Amino acid sequence: MNVAAGGPGTASASTTAANSIFNNSLLASATGATTMPMAQLADGWLELESDPGLFTLLLEDFGCHDVQVEEVYDLQKPIESPYGFIFLFRWIEERRARRKIVETTAEIFVKDEEAISSIFFAQQVVPNSCATHALLSVLLNCNENNLQLGDTLSRLKVHTKGMSPENKGLAIGNTPELACAHNSHAIPQARRRLERTGAGVASCRFTGEAFHFVSFVPISGQLFELDGLKPYPMNHGGWEDHEDWTDKFRRVMAERLGIATGEQDIRFNLMAVVPDRRIAITHKLKMLRTNQAIVSGTLQKLLKADEQGESGNGDQQRPDTPTTLLEPSAFTAKDLQLLLKNLDTEIAINEQNLADENDRRHMFKVDASRRTHNYDKFICTFLSMLAHQGVLGELVSQHLLPSKKVSGQSAANRISKQNSAASSAGANAGAAAGVTPKSQQQQQQPQTAASKNGKSPGKTPGRRRKGRNKCRKRK
């Protein structure tokens, strides 16, 4: 599913020009890299598809390696420790359901400047950048200590603190590291579409059907909705003491989808930004292997103590040998063996889960290579080789035949094959029974006439003469 961002809420050309000088000087300190105007960034910002693998690799390119993105298929299914949610929906300005949503969300706008500056809320002033905006809205509002943002995002968060939403959007749009990482995951068709339209900052508008990303994140005990095409962030309120913030999010999404689908269907996609599953699995494996070593060592000591007791050498035990775990009241050898077996099973399961996650991450990269590779040269070369060999015209004519004609020919071919098979089967059966088929009798008649003309004896001519004699007697 392609994403087309821009349109309503984008900055005008005059606003962008007025802020270009300020924006370039700002980013020199914000990113620590040589900056350039948006018009000089390679090809501008391109459309991205809504794919969790793409978003995960995009986060890695941003420098954030401890996070992944997962697609959510069931809102009722619990999700472990999400940082935030990204909601992709179809944007149609003229639709009634859209107006209902606007009327509903207008009541929860946060217009206090101090409250807005305390969070990371950036207006989308660059077309096709809503995917990056959605990811940054989740990550830069996360207060988790174990979340490593990386150098680029950390500098961006520090140097844009206290800025207006519009200036934050300009900072995102003119950060070369973000733009290059974003465009590296675009399909070749997106680049060609941008070249045909020549879309700029102010010229890219929503036309027909477009898709847009928004973020839902918990901030200071409140559920916020951050949409770069809205003038203000939206506060959906808090949640109960016995609830998790995801419960509040489920209620908001159920209400949102109920309004949007009241008159016609709406296509949407929901993704969750969560910690990298491999980190938790690796930590669990480390703990399980430590416990496995402890249980295995205790079991060996217990078995050794039993052997020494049976041989009468128990008094030779070293005084410094720990005996706490060897007491009968702790664990028996059978209990330790059962515990060790359970640990082995858990380790095998988690090793398989870790292998699956690594394979999944590898497939993300394979899919990204296939998605971003330009196959135009290969296709042109392949067609040229077919034409050079003289088979291209025949292949094209075969595939251009009407489907009915092809199906009729196929049916005729099937009937002809069935008749041939039936004839051969009948011939074989007749030969086995000593009966000559009718078709073979007709073929043998010329040979019979030839034998008659040659006056060779045969049963058939004798029968014919006998019949003629009977006719003469009747006369």
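Every residue gets a Cβ built from N, Cα and C, even glycine.
According to Swiss-Prot, the protein has these features:
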- CYS130: active site, nucleophile (ACT_SITE)
- HIS212: active site, proton donor (ACT_SITE)
- 419-460: compositional bias 'Low complexity' (COMPBIAS)
- 461-475: compositional bias 'Basic residues' (COMPBIAS)
- 44-275: domain 'UCH catalytic' (DOMAIN)
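Separating the Cα atoms of the residue listed as 'active site, nucleophile' and the residue listed as 'active site, proton donor' is a whole-number distance of 7 Å. Annotation for the active-site residues CYS130, HIS212: lowest Cβ count within 10 Å of the residue's own Cβ, HIS212. According to DSSP, HIS212 (active site, proton donor) sits within a strand segment.
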